[in-house]
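Enquirer: To start, I am sharing the structure in question, which I have written as structure tokens.
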């Protein structure tokens, strides 16, 4: 049933002969939903459903892609026919002039220039340029350590004799302040997206989970860094109140700690935790580049294959973790009593057991990890067996199974690369079709006049809603009282009530059917369905003709076979008669 429905909608889209019919299929009925958004572009409500339920052939259909392209290059129709070099120049110009463009849009969002900036293509370019600048800030933040740090782990520095060393390492630099502003802007953009989509729809998108995780780690890193700065600042305030020079001064340990070099910091120091989380967040930030790759025809299929590979790895991890944990606990139980009695510390602790088995997958563990020095051969032999079974199971079986799964997924994408890429590109485009979010990060943190007016309008609607509900309630009570009075007079209350509902529904139905937009939509769909039925009948007749011709060919072959068999038998009889006559002639000649 599902496959038939998919084929049906694709078949209807195949039979469209003009833009009006394509729009009718993609937008749905104008009366049941707002056919045009506040921006004036079609709502594409049915195309959204197709993307949600992954009807890839429908979304990748040329008629559908043509409609999406026209919306993507809205107000920039001339750019659509330009070469890639011209488009790259436009992207570079937007990236360079991003602050000026944001300021002009902030001042006049409803002008002609503002409408151009609000178009999906330039909105995409502006957001991509903003994220590229953010990645550049992450790189430049570590530029002073590209050739190695001048401050070694065992060194301390200070600007004046009374300054603590940690007051040189914990304060935020101006580059880090810019990064924080970008992170706050991205958090605000994600909050708006959650508000518009709803929490459930937001969490169903994997890229949103990546963004949420990246921003959460960034925020945690900055909080830990701020805690380290606050503790150092508190210690520095204690020193400033009592001392002007720390030379030959013995401080309390909680204050002296902030004078120590990095090698003496405790592992749970907030600054160390901040640096570790920051490194993870940087890796996730660069992986976010894959989100915009479907916009390109060359990199889009590769990104889709990479995403499918990640899904396969997560499926594989269930079996992998089950086998890995089993051998890790087993080997630890076997060798946990031999700490110091082995050639190395492998399997003597849970941590060492994890490290040894993990790196054994890549061939970086040694066989001597199971050798015991005091000659307990039984334990050692069991260790050899378990370690060998582990390597055979993980390296030969499971890893090759994972490689086969990845190859299968990649081949599926390659076999249908065009459909997969166009579907992924349509999902990317749709995220920029929505109204709002025009200003990229961090310019979205500045409230624009448009947002202020929109907020005032929503507050007004919120305040007036109870009043409207009260009036509607009074109106409904009046109508119900009239119905009750009529029902008392006729002593048929239930019939009158249902009659009232029927009259109301009939009136709404007649209004709905009488609207010109709805009647136009119904005419278009009736025309398309008629074409679909005619085409199906023609295909069926063609199939019947082909079946009849096939039967005739089978009959001809069968009759020809019988004819050949009869002719063969007749010729065989003639040949036998000739042989008999030849034998008689030869026998007479011999007798003579």
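Cβ atoms here come from the backbone N, Cα and C positions, even for glycine.
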Enquirer: TrEMBL lists transmembrane segment for one of the ranges 241-264, 313-336, 337-360; which is that range?
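Expert: Residues 313-336 are the ones TrEMBL records as transmembrane segment.
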Enquirer: In TrEMBL, which of the ranges 58-79, 146-167, 212-233, 410-431 has the transmembrane segment annotation?
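Expert: Range annotated as transmembrane segment by TrEMBL: 212-233.
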Enquirer: What residues elsewhere in the chain lie close to the transmembrane segment (120-143), defined as a C-beta under 8 angstroms and at least 6 residues from its ends?
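Expert: For the transmembrane segment (120-143), the nonlocal Cβ contacts are 71-74, 76, 79, 90-91, 94-95, 98, 101-102, 173, 175-176, 178-179, 182, 282, 285-286, 288-289, 292, 295, 429, 432-433, 437-443.
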Enquirer: Of the listed stretches 85-108, 172-191, 276-293, 384-406, which one has the most C-beta pairs under 8 A with the transmembrane segment (212-233)?
Expert: 276-293
